[in-house]
């Protein structure tokens, strides 16, 4: 079976296991008495999970010993979680007669146990032990990035032990299905992908770290838009084939009756909420027909109705933000109550009783939550997007409660006031209610359209067609000044109001992204799992390399050989007397960046490869390395090449005795690696034996049989017990065989001397 077919089968199994986990999580929240008839199926599923673990567990463990893949890792975690939680539900169902429904929920959801998401992580570095606690998803990612930065001062055994603790945390989180508990995720903490995205997008002059403060991470967890419709129960009820058709028909009839009552009440309420002024104007206009002459006032009423209607229906393409958020918290509360009423009605019709689900049994505790906690918990009747729209609606409503803002944002206000004043001038009282509108409509519209009497003003003419007198006597000066001041004050207030509304809209747009990320349903992304697998494979490759070179045909161990001192002295004297070619400094610096970078950021190995300094930049920036250390790291090789770059004593290369602290140990490791790179560069130029390939042990990979592929070269293993290994005469594709020569050493110069001897004519090495 090829790798593609194996991957397809693993994906199919993984999908079924995920579906089973989702069902188990649903059963944890259902009435336990409803699970009693399903015990046989639950046991069969639990046995199937056990069979899968027994059948696939050995192969998955064997693969994990060599190299892990995200799919295999996710399947391993999902199988472990499914077995534990599925059998937990079975045990709780068996004890439900004694513990009751509340005891069932407490057992399945671990309500009386300490938080399962607190995991202690211990890491032994060459500079001392490190203890950390992982309790959030970003804590796990931060620790993996820190371990990636400190990989060169951490042995593979210590690294794998620390990753084992992280794996336990990931099993309880990433392995628990697709939905993320809201208490695990904090979207304000950016991940490595967030940083990389900001590095390749336009920054408009802002620093990356400043932009990170406004970043909302959607990579470790991804938000999903979930919509809940009122007709979901009625839509799925006909497909409930496990109940009798008569009961199902009764439930459908009860739902239709509930919906009819709700629609009738809604229509009655809507009919009574029309503005009285609008009612009077509508009935006044309806009493007119084309055989009657239209007065000037009647035409004005019609024109105002036209403008009110046009503003309501005109701009349909781009509705205002205030008009799009039509729901509020009270409406959502009514919607949720109606949903629960529907559910209870259907349950009574189908089963003859209401079910004791988790949210009903613990309703008193849920009611004690405040508004924010209640929205985080969510509801099965209201989608998160409805809550978000209600919050934004409430924000707009509170901000626009000022009369001036209402007049500015609602241009119909002036039209409605003008319509009310006009109706008052023609003798129609809009405050008496709909019961007295009949008398108000007995208006002689013909007289309203006739000529005005002598020495009188036409009806409403001073309000609609006001003219400005040409005479401006001095006694009106104070009145005009007051009017001008009022006009300027009104224009200034409108300008401030427009600016206020623009600021509010900008704030809502900026905060909506974070609000959606917080309240929407989140599922696990692939970033955290990929980061864990990359870090695990790096330490696992170092372990596999050490095991592979131990099977070589010829092994020369100079780590404790006293006879190698002369070789050390000869090679050191030969190399130190020659200066370093400055034209090689760019390549030497890049080699330094390549060897100190961790296994997680391997941008140099991508299809569109980037230079090693880019990957190292991501590595140090993601751990928040201090600026002075970044400057020291950037100029490290240039500074080392100008001075005495040989720092290690005989057989004490990569020795950290007497050094404590991560920073001091890290700096010493940089010096050791710089010494190795400079010695190899001078060695190649002095002895003209070609380029000496400096390789990393964690960049070796196993083949299909599990054997580690190690091409010829000098490897740095980052292990204090055996830091340097030379592999010579490796078989094609890097296979270690009987013809391979392996040299162990803990001294750079004696290792180069041994390599020179092996490369001499007649040795047969290459």
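Placed from the backbone N, Cα and C atoms, the Cβ positions cover glycine too.
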Per Swiss-Prot, the range holding zinc finger, considering 104-132, 133-161, 162-190, 191-219: 191-219
Intrachain residues whose Cβ lies under 8 Å of the zinc finger (191-219), provided they are six or more past its termini: 138, 141, 145, 510, 513-514, 517, 525, 527, 531, 600-601, 618, 621-622
Under 8 Å by Cβ from residue 689 (ATP binding site), counting only residues of that chain that are 6 or more apart: 683, 756, 759
Three-state composition of the zinc finger (191-219), taking helix and strand from DSSP: 13 helix, 0 strand, 16 coil
Where residue 689 (ATP binding site) sits in the secondary structure, as DSSP reduces it to three classes: coil
Residue 685 (ATP binding site), number of other Cβ atoms within 10 Å: 16
Close in space, distant in sequence - residue 690 (ATP binding site), Cβ under 8 Å, 6 or more apart: 684
Local Cβ density at residue 687 (ATP binding site) - other Cβ atoms counted within 10 Å: 16
Residue, out of the binding-site residues 684, 686, 688, whose Cβ gathers the largest set of other Cβ atoms within 10 Å: 684
Cβ within 8 Å of the mean position of the Cβ atoms of 683, 684, 685, 686, 687, 688, 689, 690: remaining residues of the chain near ATP: 692
